[in-house]
Structures are given as C-alpha cells and as structure tokens.
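Record features, source Swiss-Prot:
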BINDING   Thr62, Ser94  hexadecanoate binding site
DOMAIN    4-277  domain 'DegV'
Amino acid sequence: MTKIKIVTDSSVTIEPELVKQLDITIVPLSVMIDNVVYSDADLKEEGKFLQLMQESKNLPKTSQPPVGVFAEIFEDLCKDGGQILAIHMSHALSGTVEAARQGASLSTADVTVVDSSFTDQALKFQVVEAAKLAQEGKDMEAILSHVEEVKNHTELYIGVSTLENLVKGGRISRVTGLLSSLLNIRAVMQMKDHELQPMVKGRGTKTFKKWLDELITSLSERAVAEIGISYSGSDDWAKEMKESLQAYVEKPISVLETGSIIQTHTGENAWAILIRYHS
C-alpha cells in the first residue's frame, strides 16, 4: 500500500500536537523585519511576532519558501516510494502554492499540489481531514475528493481593527483603504473565490458584535461540523466569540493565535472565524 504524506505551509494555524499526531510536514515561509529575516517556524511563541512588528520601523514583509526548498522536502519525503499531497494557502495571498508546484516538477517525487482557496484554520480543516484519511490508508483520489468537499463547505470570515496593514501589504485596493481612511475602522470581510470581500465596516466595537449576532442567527439553520477562531493581539474578543458560538457545534472550538504571515497583513487586534459545515 502506497503511503500518502501530507504537506502544507506555515500560514496554517494548527495545534502542534495535531501536526505530530497526524505526521504533517509544514514548510515555513519567512518574514523580514527591519532587514532581519526570520523563519516563520521560529516565531511561534505566543505574542513574539506581534512585539517584533510593534517595534519595527516598517511593515514586515513575508516571503514564500524557495522552490528549491520544496523540491528538497518532496525528495526527502518520497524516499520510501510514497505519494505526497501538498495543500497550500490561496494563490491570492502568496506565491507559495506556485512555488510548491515548481518544486514538485523539479523533484522525482509523486506530488499532487492543491490550492486550498483559504489560509489559517480554514486551511487546517483540509489538511487535517486529508491527514486522517491518509492514516486510514485511503488512496489519493478518495482524499482529493474529500478535501474538495471540505473546501466547498468552508467559510472564512476575518475582522480587522485597522485596514492599514492590508493596504500596505497590497491585499486590498488602496481605493478601498482610502475611502475607509485607513485607521480606526473596523471591518469584517469574507474570503470568497480567492478574494477578501467586505461585509460590514464601522468605527466602534459594536461593528463586530452586530455582525456576530447575524452570523449566529444563520448558524441556527445549518449543520456545523467545526469552528475555529484565530486572533492577533488580545484574545478577549476571541474567547467571547467562542462562548457565543460553542452551542452551535458539538466539537470544541479551537481558539489559536494566528501566525506571523497572517498577522503581517491583518495587524493587531484582528480575528478570524473559520467554519466548516457538514456535507
């Protein structure tokens, strides 16, 4: 039986114990802060990256893993003749998935590369489900089919307390940013079809609370498989959201600090709600 190994990138927000238990390989992106390059793998300590970003003169810059790194990792993982499934963040956020494809073409490994259309814990949903099926001995076709199902039943919502980082990082248009006067604006967006689509914006904390109330109303009519909550900065609002949402899903909600790659673009006091519905 051919063993299938699962690879993803460090934009995924996931519990370390799951990575170990499911034998997931995470390829780190890098972050440059005031001309010093850090591997994302070295910035996982709670609050460490946020402090570096607050102290930096310029907005940090993220870089995808080099093609050669992917090629080496793929080559190493296939030494026993197994197959590899690499699931990465949306191409709209980073060139990582394309670097993985190029790395696969340079290696002798049997690699299938998938664009998750998401990032953070929404990427985790696909990666974890794929890894579970791989451990059960399912073939590539069955795993890919299930990953597609998970993708099609996932929603990613992100709330930011400033649009400055998203605009500077080129992740939303400058026009949108200027109309919102950049600072002190709270916005909730949905990632859909590889785009961040604005849903609501306003100046006070009520912006987030009103939107959450509307989300909860919609959840009561749907079968929720799992929910993840990620945050940057204080986790107070994340915990408050968990208390409000836990009644709508059987599985415990994961509340995790998002990594440096996402924090670079969202800034401080941002959050995300990631929802996977039953097929």
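Just so you know, glycine gets a Cβ as well, placed from its N, Cα and C.
Other C-beta atoms found within 10 angstroms of the C-beta of Ser94 (hexadecanoate binding site) number 21, with every protein chain shown included. Around Thr62 (hexadecanoate binding site), the same-chain residues at least 6 positions away in sequence with a Cβ under 8 Å from its Cβ are Leu29, Ser30, Val31, Met32, Ser94, Ser260, Ile261, Thr264, His265. Annotation note: Thr62 (hexadecanoate binding site) sits in a strand segment as assigned by DSSP.
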